[in-house]
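According to TrEMBL, the protein has these features:
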TRANSMEM  6-26  transmembrane segment
TRANSMEM  38-58  transmembrane segment
TRANSMEM  121-139  transmembrane segment
TRANSMEM  160-177  transmembrane segment
TRANSMEM  189-209  transmembrane segment
Amino acid sequence: MDPITIVYIIGTLGMLVGIPPALSLVGDEVGLDFDYLWAIPGIAALMYLLMTFDVGSVQFQGYHVPIPRYIDWALTTPLLVGYTAYIAGASRGIITGTALADFMMIVFGLGAVVFSSTAQWVFFGLSSACHLTLLALLYGPVRNSAFGEPPSHRRLARLLLNYVGLLWLAYPLVWLFGPGLQWVDAAGIAVIISYLDVTAKVPFVYFIYRARKNFVKVQDEVPEATSAQGGAATVTSAA
């Protein structure tokens, strides 16, 4: 069996691990909406399955490029950064902005693989600019929004932000040494990217799943605090 196929089989199985905990949060009363969290490992598992059977793979400049990989990234990575901003309590505009910056980073990144010569580096530059914009949003408005959230939300937002932010730094380097300079062959890139993808998506889901009870606790504390304040006001009025 081809080594790349083995890598994609492992990637598929790895992504499947993240689906059950994500599905358990669908419709769950945890204070925040995680109904679409399952799509992160779910879509990734489907795309890795397609790559396992070499569906959608093309050759550009003699380099093996699986298009499902970019479909996966275009659909799931905006969800990753969007949920990070959402948990941090960012505004809808900031959430949309982070997701859009991430999406455009992937689109231009695909252009950096498809085109050759000068155009390839132009698209890499555009993708890098979107990447820098994304990091500026994550470590600027998104990070600042988290300071106004309850401690449990703030801790999770900080964890997800740093986790995603640091992992995302590896991808431009992978492109540079892979499709860009072609110092690493397609099999090596498949191993590196599959490892990064599973590491980025499955633990992300687990971190949220592990913290779900904190969201319920915060949600329950708000009515209790309101009730206590109302009771105190009643006693004061009676006095």
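The first residue you see is number 1, and the count goes up from there.
From the backbone N, Cα and C atoms, a Cβ is placed for every residue, glycine too.
Please treat TrEMBL annotations as automatic predictions, because they have not gone through curation.
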Query: Sequence gap of 6 or more, Cβ distance under 8 Å, 3 or more pairs: do the transmembrane segment (189-209) and the transmembrane segment (121-139) meet that?
result: no
Long-range Cβ neighbours of the transmembrane segment (121-139) (under 8 Å; 6 or more residues past either end): 81, 84-85, 94, 97-98, 101-102, 104-106, 108-109, 111-112, 115, 161, 164-165, 168, 172, 175-176, 180
